[in-house]
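K.L.:
So TrEMBL lists these for the protein:
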type	residues	note
ACT_SITE	Cys327	active site, nucleophile
ACT_SITE	His820	active site, proton acceptor
BINDING	Cys193, Cys196, Cys213, His226	Zn(2+) binding site
COMPBIAS	756-771	compositional bias 'Acidic residues'
DOMAIN	169-277	domain 'UBP-type'
DOMAIN	318-858	domain 'USP'
DOMAIN	638-679	domain 'UBA'
DOMAIN	711-751	domain 'UBA'
REGION	756-793	region 'Disordered'
Amino acid sequence: MAKMAADLGELLVPYMPTIRVPRSGDRVFKSECAFSYDSPESEGGLYVCMSTFLGFGREHVERHFRKTGQSVYMHLKRTVKEKATGAAGGAVARRRNGKVFLELNRDFNGDDYECEDEAKLVIFPEHHEIPLPNIEELPALVTIACDAVLNAASPYKKQETLAWEDEIQVSRHARSLRQEGNGVQIPPSGWKCSKCEMRENLWLNLTDGEVHCGKWFCDGTGGNGHALEHYRETNFPLAVRLDSITADGADVYSFDEEEAVLDPYLANHLAHFGIDILQVQKMQNGHTDKEMRLRAREWEVIQESGHKLKPVYGSGYTGVKNLGNSCYLGTIMQVLFSIPQFQRTYVGNLQRIFDYSPLDPTKDFSTQMAKLGHALLSGQHSKPPVKSELIEQVMKEERKVLDWQQQRGVSPRMLKALISKDHPEFSSIRQQDAHEFFLHLLNFVERSSPGSENPSDVFRFLVEERVQCCQSRKVRYSQRLDYCMRLPAPIEAATNKEELIAYETQRREAEENLTPPPVPVRARIPFTACLQAFTEPDNVPDFWSSELQAKSAGVKTCRFASFPEYMVVQIKKFTFGMDWIPKKLDVSIDMPDFLDLSRLRATGLQAGEMELPDLTPPIVIPENSRGNSLNSFLDSSDIDESSVLQLAEMGFPMEACRKAVYYTGNMGAEMAFSWIIAHMEEPDFAEPLAVHSFAEAGPSFPTLSSFMGSQPPEESVAILTSMGFPRHQSIHALKVSNNNLEHALDWIFTHPDYEEESEAASDTADEEVDEGALSGANGHGDASPPPNQERLSPMVRDGPGRYELFAFISHMGSSVKSGHYVCHIKKEGRWIIYNDHKVCLSEKPPKDWGYLYFYHRLSGS
């Protein structure tokens, strides 16, 4: 055997230049495949490239070998076994070759399972195997590299640890918890376990007041597990860690749910045993208690906690594991991959995407989307238990075994890391707005779909904005792109006003008298009232009337110039109070299953309406610059001097730096640097910045009549063309980015080969958009495949405005920066609830408590 190992060690010599030792900053992917969710626990284990440190499942490692020629991989395999009956408590992973190299998986209970880890080097294509560790037979460099890989932390470990601490949900036992009247009173100190005298890691059972120690951990800390034993004897589900109790809350654990939970009634539960510190806090601030009671009810309704939900398995019924306040991502992904266009783009083209992926597929958006889509739709990660497992489960009465094996869900760590990179909010472990993430994700979809099918087309539509000068009564029509219908929630239209008024009166009295607050009341608002509020005119701040040549009062109304295939409706629940503190409107809206928006179709300029003149507001020239039309310099306060200095430190002339910052709209040194590179060969590169007066600007400031209503602002076009980009490319980039200058620049850099026949062709396309919109508005447009859908441009499709609800996302919590998201999706005629990794049949979908609603166009309309 030693000789065979030595021979295999010699086989490594030709591959020594390709074997690297991980350096500081290298990411070692030893827990997840780049193309699938295979891990060391999978049947085929995981192969880690010893050059790139990317991980690959058995199905995908051959592809990486063929593409890169890299032959040496470390194969990692973990075997999870159920402990033998009667084994002592405690979660100690079985050690193989003296080393446990993988993080413990949180998907199973360490008290019930043990792990066996195995590592070996594999040389492709012959599949020669060298067991590890094998210090005597391997070259020193290989031994060092293997040891470094085995000891490397997961690239997500720090983020997951923090996220795990933040993840918490309301216990289903909190509301109806029974507490025994045995007279137990807990002193403020001197606690010890009633079975073993241990004085640390102590847990108070909230039913009978018994104090016991917690379970023993792998690192030698913890207790003897007497709290868990007490639960198994009594079935009393909730316990609170005594040394965690403060006026702000405490750590609560549910033995039945096997996770840390939130108990909104914790103050009352602790007061039952003489612990009144939270009770005092409640009496000082009744509003806090009201909020917790309101949220507890919200969590119960949205998660359908009062129902015994039946799990579902198979294709399309795979959950997404919560990575720590990442439920906003999971719910959006579940909805998107229930849409055929997203399925076709990413899952239908899976092999092509994988075959043409870059050398580092963890950084490729299409690859990671295809990876997640295939996992959600294949059913490989959502297999129903077989009959023998069910029988064994009932006999052993160990429900967690079944949960771990069948409904673990997938963890989209790579995708989250990719799309949240450099984003200050999405890269954190804080809760985020699902609507904001939806738009952020669509931006990635847009940028990754050049010259191919863009699935985000199904959400895009044209909005017609009608602005009217209140004094002259003249109007202006324009169009913009959008992806979501934002629906107000007018509290004043609530149908239970008397109930709300009575509740508010009782709440104030409770605060004054220091008595418990009343049961919270939620405003019930008709959907028709929300739709009416959407159609009402809005005031236009700082409106400049081209008819009056002055600022005046103006109002704006919006209608649909086109209807998308999928309509997303956002209920505007999140707002700011008078104190600028974000808050959530607690409303219930009777959202319809069938939605007809046909009457909101845009009509364009009507008979009898007079248009506002096509004039732009005058450009205000600083006082000290007037009188010098040829060299009107900007005041220093108009330019970001910090960006100017950054560029000047690179060695560029000061005046050139000032021009670069000015012509890129003060959008930072990076964009200004791009302008410098594009213009540094021009003869006036270092000449002082000059801004011409409005009267002398002439053709440099064209009026609105020079372009159609959907044309991007000329100022934005001028900024991009001044950076050296062709005019037609600049216009197209602004259109696809909804006139966002920064996103337009990103689009140009990611589409360097974009070409168009001529600028005139672009103008013709613009005319076709407007003609198509008007034609669609009058119902006379010619339909093209698919049926009942008219393509207005390469970016916008149109069709009838009749829809059916197929999904909605609900939010639980007091703010968009906290709480939890759950989604319901209608599949095969039945509603399914997706709550992180748990996927079940919905018994009572809370359609009136949602935040984001997804409608699809009726096929027969």
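We count from 1, first residue shown onward.
Just so you know, glycine gets a Cβ as well, placed from its N, Cα and C.
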K.L.:
With the cut-off set at 10 Å between Cβ atoms, which of these recorded positions ends up with the most neighbours? Options: Cys213, Cys327.
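P.N.:
Of the recorded positions Cys213, Cys327, the most buried by Cβ count within 10 Å is Cys327.
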K.L.:
What is the separation, in Å, between the Cα atoms of His226 (Zn(2+) binding site) and His820 (active site, proton acceptor)?
P.N.:
32
K.L.:
Fewest other CB within 10 angstroms, which one of the recorded positions His226, His820?
P.N.:
His226
K.L.:
Would you list the other residues of this chain near Zn(2+) - those whose C-beta lies within 8 angstroms of the C-beta centroid of Cys193, Cys196, Cys213, His226 - in sequence order?
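P.N.:
Other same-chain residues near the Zn(2+) site: Ser194, Lys195, Glu197, Met198, Leu202, His212, Gly223, Asn224, Gly225, Ala227.
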K.L.:
Mind telling me which of the binding-site residues Cys193, Cys196 has the densest Cβ neighbourhood, counting other Cβ atoms within 10 Å?
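P.N.:
Compared across Cys193, Cys196, the most Cβ atoms within 10 Å surround Cys193.
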K.L.:
About how far apart, in whole Å, are the alpha carbons (Cα) of Cys193 (Zn(2+) binding site) and His820 (active site, proton acceptor)?
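P.N.:
For Cys193 (Zn(2+) binding site) versus His820 (active site, proton acceptor), the Cα atoms are 35 Å apart.
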K.L.:
Using Cα-Cα distances with a 10 Å cut-off, which of the recorded positions Cys196, Cys213, His820 are near Cys327 (active site, nucleophile)?
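P.N.:
His820, listed in sequence order.
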K.L.:
Take the domain 'UBP-type' (169-277) and count its residues per DSSP category (helix H/G/I, strand E/B, coil), listing them in that order.
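P.N.:
Helix (H, G, I), strand (E, B), coil: 19 helix, 24 strand, 66 coil.
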K.L.:
Fill in the CA-CA distance, Cys213 (Zn(2+) binding site) to the residue listed as 'active site, proton acceptor', as an integer in Å.
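P.N.:
So the Cα of the residue listed as 'active site, proton acceptor' lies 31 Å away from that of Cys213 (Zn(2+) binding site).
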K.L.:
Write down the Cα-Cα distance for Cys196 (Zn(2+) binding site) and His820 (active site, proton acceptor), rounded and given in Å.
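P.N.:
It is 39 Å, counting Cα to Cα.
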